[in-house]
């Protein structure tokens, strides 16, 4: 007897074919992209730094019953326990409460007395590995102190294909190398604090439109399947998979699969992306969890590589689950092999031990669902004990300092005609624009920050946190001006243009604040369904700038935004004497900005994306209307690797501000480029060969009678259990299609536990170890040629030489401090991966014979140093 309805959606989507991308127009009868299957799901083996944690995981999982293993894999249901996602427990073996997973990538969501950190895009603007690590460490400390086991971040999906994508701010940058480095450092910081980090959203999750059927239908779109992101193999490896390889190499404990389909197979049951790319090729040793309600099948997802279902129920609070009881049944009847569930549990516990949860763990001391001190143990159904659910533990420590430092270090000075830094002697200062002031409803007045009222320091969605306070620009500037004996006049109503004109005409300097917001698709703000409708400024921003500029010849524009905005109509106006992009700086917004405005911090930030003249400058538009009848909308990534600055370079289009651009209060010079091959007998590339060991199993399965609900157990309504109502498995499964034959839905090889061949590009966490061998050393001299001490960000780009390759691709960067007149030699190395392309035929990384060059400078378009690279293979 076998399952039917729980897996059919997965297996019809994962048909056998080569992954391809077709044109943009799709009809119901047109051939669509497919995702080739890859089975069986690789079993973890504790490679490298994972060995000890894996050994300990095997020891405890070997003692577990089947139901206990299943309990670790399945959430208990939405709002059933204190965290946004919480697994079942194994109290018999000391796991006395379920593993707690909690948003977000910038702080603890649904909590209090926590910090609100700068967004990922701000971290990218710092180009600083240490600051990325310290932010991760500080966040990890706060999550740990609240009793959270799994931090649901950071994000590298979306990468940033679309500048108007709703959640690009949660990630870092559209450049995979910049994202990969800062992604990895954030993960190291989180996990060094003893909390499991989650690399998300894996993969190709580049827009909000059509990510979920119910959400899209709520907006009036007639679709029956979620969007499919269609990508070719080369683009997948060289662009979107790149930062996830860095995450796996950094030891990330969890990966969250995304809502979208990839080549018409759902992200959480896509055997190509989960089994092959993530587990076999990248050697991922942790566990894959679903995004919330991104789980679409039972057996299909289990065989395709999913390890944890979140939040456990199929739809929020419906009491149904693809796993839980159904996963127990599927093992008992042989549909899912025992080794697959053993591997799920081992992967979860390996991550648990690797970060030290067994030493640091405390119960969650907050409730995601209420700020009341007392409440029901199981909030959704008002059942269980009436107990203390919020202990109001202050976890902020001294993290405001690192938040303020990152805020200043991420403030990009795009333009400066001598207006900055301010001297403090300005007598009359105008502060103009709603974005300077407070949200009249309070900093947390809009649930999940789902509005654009007052200054923008955080965008909207599940990737948010409650502010403990928010220092607005108006407050910080007023404090600064008053302390220097000046006068400050603020108008923070964007409709009060005549009043703004009056203030601007009397001010020696006018600071204008404008913004543009976006977020997750379940919230619609002013017709923006997560994704932005356009790249214009919000809340009458252009009119505010026009008004002030026409009345003040010293206008400084400050932009808080989730990404690029259109500035072409005013950026070169001579009365606009400076432009600042401050991103989403978090709770210390005003303080960090004032540090830069008044010169206490010399700006060193570089824009992590390109500022184009029009939306069309960025290439293909975001898919905002269904294009495949009522089936899955098809988003074809026909641009390949050419996004952001790579696209501008290909088109020979000059942007307003190029990727990597950012001014300082001093100047820097570049000289003395040196390139040296690092020849050694061990530098030859060695494709991985051999095979795995057989799939191990741990403990005994038992019989159905072993997993019946105990007599006298008071079951919680809609709570997801791993237990059975009956020894009749069909009755326990409640599956109307129970009885299908294996041949109808089980992919070939999916249950094969015999030794499997290793992939050439695999062999260790992050991929083939020889990919990371250094082949070339590059050095350059950086000189502070000005009169102010400051940081510079040297950037190294490589021309890979092929006729269809980008002009340059970023490969290395740093942030170095230089006193006036000081010189430093910056030295870095290029490894094999930095110089290679993905060969779709060989299914491996290859350094082509095309001549290659190295370029060093201060941005993607300011590269004064260049030299040929020695031929290395």
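Heads up, the Cβ atoms here are built off N, Cα and C, so glycines get one too.
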Annotated stretch (region 'Disordered', per Swiss-Prot) among the listed ranges 694-729, 730-765, 766-801, 802-837: 730-765
Residue carrying N-linked glycosylation site as stated in Swiss-Prot, selected out of 652, 679: 679
Most Cβ neighbours inside 10 Å, all chains, among the glycosylation sites 263, 534: 263
Spatially closest candidate among 222, 291, 326, 333, 453, the listed recorded positions, to residue 725 (N-linked glycosylation site) (Cα to Cα): 326
Cβ-Cβ neighbours of residue 291 (active site) (radius 10 Å): 23
Which of 71, 222, 365, 553, 725, all glycosylation sites, has a Cβ with the fewest other Cβ atoms inside 10 Å: 222
C-alpha spacing of residue 326 (N-linked glycosylation site) relative to residue 365 (N-linked glycosylation site), in angstrom: 31
Helix, strand and coil totals (DSSP H, G, I; E, B; other) for the region 'Disordered' (730-765): 7 helix, 1 strand, 28 coil
Residue among glycosylation sites 333, 453 with least C-beta crowding, 10 angstrom cut-off: 333
